[in-house]
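Record features, source Swiss-Prot:
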- 1-32: region 'Disordered' (REGION)
- 46-125: region 'Disordered' (REGION)
- 93-105: compositional bias 'Basic residues' (COMPBIAS)
- 114-125: compositional bias 'Basic and acidic residues' (COMPBIAS)
- 137-170: region 'Disordered' (REGION)
- 169-540: domain 'TTL' (DOMAIN)
- LYS301, GLN307, GLY308, GLN350, ARG351, TYR352, VAL353, LYS363, PHE364, ASP365, THR406, ASN407: ATP binding site (BINDING)
- GLN307: protein binding site (BINDING)
- ASP486, GLU499: Mg(2+) 1 binding site (BINDING)
- GLU499, ASN501: Mg(2+) 2 binding site (BINDING)
- 565-704: region 'Disordered' (REGION)
- 576-588: compositional bias 'Pro residues' (COMPBIAS)
- 596-612: compositional bias 'Pro residues' (COMPBIAS)
- 616-629: compositional bias 'Low complexity' (COMPBIAS)
- 654-667: compositional bias 'Low complexity' (COMPBIAS)
Amino acid sequence: MALHPQAGRPHRDGSEAQAEAAAQDLGRLPSPSKVGAAVCRIQGLGHRAARRPRRGIGTTSASRVPRPGALMPATRNRPRFIHCRGQPPRTRVSSKRSKRSRIHPCHTEVPGWTHEKQMGSSVKERLRPELSQLDQDADDLEEEEAARLPVTSPDGLLMEGDKQPSPGQGPFFYIGGTNGASIISNYCESKGWQRTQDSHCEDYKLKWCEIKCRDNYCSFREGQQLLFQLPNNKLLTTKIGLLSALREHARTLSKARMLPSTQTKVLKMEEFFPETYRLDIRDERQAFFALFDETQMWICKPTASNQGKGIFLIRSQEEAAALQAKTQSIEDDPIYRKMPFRAPQARVVQRYVQNPLLLDGKKFDVRSYMLIACAMPYMVFFGHGYARLTLSLYNPHSSDLSGHLTNQFMQKKSPLYTLLKESTVWTMEHLNRYINDKFRKTKGLPRDWVFTTFTKRMQQIMSHCFLAVKSKLECKLGYFDLIGCDFLIDENFKVWLLEMNANPALHTNCEVLKAVIPGVVIETLDLALETCQKSLHSQKMLPLLSQRRFVLLYNGETTDLWPRLASSRPLNRLPNPNPNPNPNANPHPHPHPNPHPHPNPHPNANPHPPRPTCEAASSALSSARAAISERPGARKSMPSRGAPVCTPRKSRLSDSSGSSIAESEPSLCSGSLEGSRDTAREPSLGPPEEEREEEQRSTSHRGS
């Protein structure tokens, strides 16, 4: 039997004669309020086929009552809910539009209804128009209600399953955690952005998380989004990571100083970093316990912790022997050797600075900031912070850690903190006035020592640390990071770097912090936005309109041959307003940004020379790599993790003359560090084996 000519278009079949005939055969309509087994009596198919589940039809409920006059299949027993295995194909469930859930199945043939027989069933011809009419009525009702409802979802959030926001929504931002959340939220909302609570949202403009998550970096859209914290910033922000980076950098610089053409004075690690040993390495552990004596005090710290957690002092042979026995027993335990994730966190022991400079008899340190505003090219800044004081007077023989550690987490444990918390934080201006009054004449210090010598020394140390890890950091356009750096001043006014912290504390629980922290956060976001946009559109970085209090430490635009983005995705670059048809019009374009532009002598010359392309960078790198390979015993460079595929960066290689290997540290007498060139060119050798093991054990942490 041939199929009905209208069967291929069920939604357009309106034959009343067929509908009346089908209604007589199907019988009465089932009551949706009753519960029972719905059995369709179809001639020629048998009871087994009639009992088959109706996949693709969905479930029936009391809230979905058939329209009057709609045709339904006859049932012998009471109707019941039909159990469907899995979700029907191409089924869309409407949500948040009314209390009635409507299911729109695709018009496919389902078992037990219309295709039990492959060809020529008279039942099929009668049932198709009625089922099609039900679908058409539901679609009409759906469109009518949708036309009366607003398009946007509540609170401006993405509805479940949507990948892109509806017109008029977004951009979105996400904040994970409470550290500085109010400041960041107010900043983003002032720009018209909408906050989302969905941590898995991929359509965001800014994501600021306290704890790093691998998924954030896997779904990151380079050049389109901003993401707080570099993926492997632990090279700077963990004790072992910073120690290993400084040691490797020192070895590289010592080899460079052996060359006759490199006589530049560089900063030595022992000049600013206290003597430190790793307890997770047997040789270093034995060396420490061999040199320990009770005349010196040491401090033991976990490698990836902050807020003073897990820190204790070592002052006697008994304490040193107990620590040695504990570490040795753990290392020899076969259970912990087979279960690395249960092994205790790696630790370092650091020589305690026993003669710190005191403010009114209290120990203090200085929190400053290193901002990596852009990673392609690197734009690194220094920012002033504040001084942190202890509540109690300094006593080197005291066992109370609150007198040795200055962070707010430790000071809050004191019962006097609520009354005296304002005295635990000083502004840099307050510190400068105090040192001018108390120590300028007695110590022979220059005027405003805090803002001259001390500030330049902090900038020099930060630059040294950044250059030690620059070739290993994972960089993508849109990554940015704010790192808290803690400095200590001893009574001889020597500056020591204690540690660097990821996700620095941004709380504002006292007046000084209320005056300092918001400015740091706002300028951080401003610089991250501006540098990202300028890099994306191939514009000169300098001058930066959003730069106010931060000082530029490193400008990768003038020192690195850096590629734009991966060649797999082109960028939307700004058109050149002044094309240069004559290739000889400007034969010597200067690639360095000039904050004081001069008139262009050639009207057709391009005032903004193009940046080095991937091909030009590859050519320069090939010649440099060939020169290196000719030297006896030269090591071949390894590709950097996270670097784009198109070309490696020249900053990881040294030229044939060797002049670029010498590190150019900012001088203490220099007036500005802007545009300081990075001439340290060492191959990226990757982290050592013990550092890779520590990477698996280290975990993210909250602000300190």
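Even glycines carry a Cβ here, placed using N, Cα and C.
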Rounded to a whole angstrom, what is the C-alpha distance between the residue listed as 'protein binding site' and ARG351 (ATP binding site)?
19
Would you work out the biggest C-alpha to C-alpha distance among LYS301, GLN307, GLY308, GLN350, ARG351, TYR352, VAL353, LYS363, PHE364, ASP365, THR406, ASN407, the residues that bind ATP according to the record, and give it in angstrom as a whole number?
19
Measuring CB to CB from ARG351 (ATP binding site), give everything in the same chain under 8 Å that is also at least six residues away in sequence.
PRO274, GLU275, THR276, GLN296, TRP298
Cα within 10 Å of ASP486 (Mg(2+) 1 binding site): which of the binding-site residues LYS301, GLY308, VAL353, ASN501 qualify?
ASN501
On the 0 to 100 scale, where does the mean pLDDT of the domain 'TTL' (169-540) fall?
92
Could you state the CA-to-CA distance between LYS301 (ATP binding site) and ASN501 (Mg(2+) 2 binding site) to the nearest Å?
13
For the binding-site residues listed here (GLN307, THR406, ASN501), which one has the lowest count of neighbouring CB atoms within 10 Å of its own CB?
GLN307
Write down the Cα-Cα distance for ASN501 (Mg(2+) 2 binding site) and PHE364 (ATP binding site), rounded and given in Å.
17
Would you mind reading off the Cα separation of ASN501 (Mg(2+) 2 binding site) from VAL353 (ATP binding site), to the nearest angstrom?
19
Cα distance, THR406 (ATP binding site) to GLU499 (Mg(2+) 1 binding site), nearest Å?
13
Cβ neighbour count (within 10 Å, all chains shown) around ASP486 (Mg(2+) 1 binding site):
21
Return the count of C-beta atoms lying within 10 angstroms of the C-beta of GLU499 (Mg(2+) 1 binding site), excluding that atom itself.
20
If you draw a 10 Å sphere around the Cβ of LYS301 (ATP binding site), how many other Cβ atoms fall inside it, taking every protein chain shown into account?
20
